[in-house]
């Protein structure tokens with residue numbers, strides 16, 4: 001078990017992870033890009049950009065030297081958005097030693113190559129990789145509210161080592177070998193959360209939200225299983241758990257973005273208004289572009305309509321109408337096949 005932890009990324013989630021680990025007695029070094037942010041953390045014990053009202057433990061220090069943070073420990077958390085992962089790996093791949101574990105925390109899919117975060121990381125190193133996911137709003141983690149997550153790795157010892165350093169009375173960590181399922185759940189749920197926000201913005205009710213979450217889970221699991229994920233993973237924290245919290249919480253950037261679109265803003269206006277990374281926008285485009293022209297045994301109707309709303313200025317009301325008037329379907333084909341109905 002390591003007593004020193006490196007975190008690349010000084011955003012809300014990187015700060016929450018640092019806070020949690022420091023409370024657990026670890027020495028944490030965070031890489032941030034801004035000198036003012038570094039000085040605020042080191043001198044005032046506050047991340048002035050993301051958590052100005054939260055005092056950080058003494059065990060946390062910040063640096064703008066990425067070499068320093070990579071060499072600080074044998075466990076390196078990558079707390080950056082998916083679209084920044086490749087650039088970070090280009091900077092650090094030659095600094096890594098073979099003993100270091102990389103922990104991916106992003107929930108997205110790279111647009112051009114349709115790669116999960118762990119796949120991007122693997123292009124640059126042979127290090128062991130873990131993926132952290134689940135229903136986690138940084139604001140609640142740093143407030144000490146009970147939270148449960150999942151850490152996935154193909155190496156059981158790696159998963160358990162991350163579980164060991166993060167577990168606390170307010171933060172419960174489960175392990176799972178299904179890296180594909182955990183990453184796909186974390187990424188694709190953002191699309192459904194945008195849809196949920198749009199539904200809220202249009203003034204729809206609880207029935208609509210329940211339908212979106214349930215049929216959204218269907219899309220998530222179908223897509224994830226297609227790429228090799230395990231179906232039951234989508235019933236867990238990285239699937240249903242993350243989907244529920246992201247579709248219903250006011251902390252959710254994807255939901256807040258969707259609400260603004262539902263109330264009439266276009267994509268650029270809504271992104272500017274949220275003023276934070278909204279992974280669901282890029283993920284919608286990545287999944288839709290991959291999906292086009294493929295002959296598959298499943299459909300992605302919600303994803304397809306959200307793409308049209310975000311990138312082709314389709315009226316959200318028309319998108320809802322088309323979803324509701326799709327041809328009749330069985331709810332779950334496997335059940336029909338199983339009973340020979």
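For all residues, glycine too, the Cβ spot is worked out from N, Cα and C.
Together with 134, 136, 189, 242, 252, 253, 254, Swiss-Prot lists one candidate of 107, 156, 294, 295 for binding sn-glycerol 3-phosphate, that being 107. Cα to Cα, residue 279 (NADPH binding site) and residue 254 (sn-glycerol 3-phosphate binding site) are separated by 7 Å. Near residue 136 (sn-glycerol 3-phosphate binding site), with the C-alpha within 10 Å of its C-alpha, lie none of the recorded positions 12, 107, 189, 277. Contacts of residue 138 (NADPH binding site) defined by a Cβ separation under 8 A and a same-chain sequence distance of 6+ are given as 12, 13, 15, 16, 50, in order along the sequence.
For the recorded positions 33, 107, 189, 253, counting C-beta atoms within 10 A of each C-beta gives the highest total at 189. Within 10 Å of residue 277 (NADPH binding site), as judged by C-alpha distances, no recorded positions are found among 134, 189, 242, 252. Note: the CA-CA distance between residue 107 (NADPH binding site) and residue 242 (sn-glycerol 3-phosphate binding site) rounds to 10 Å.
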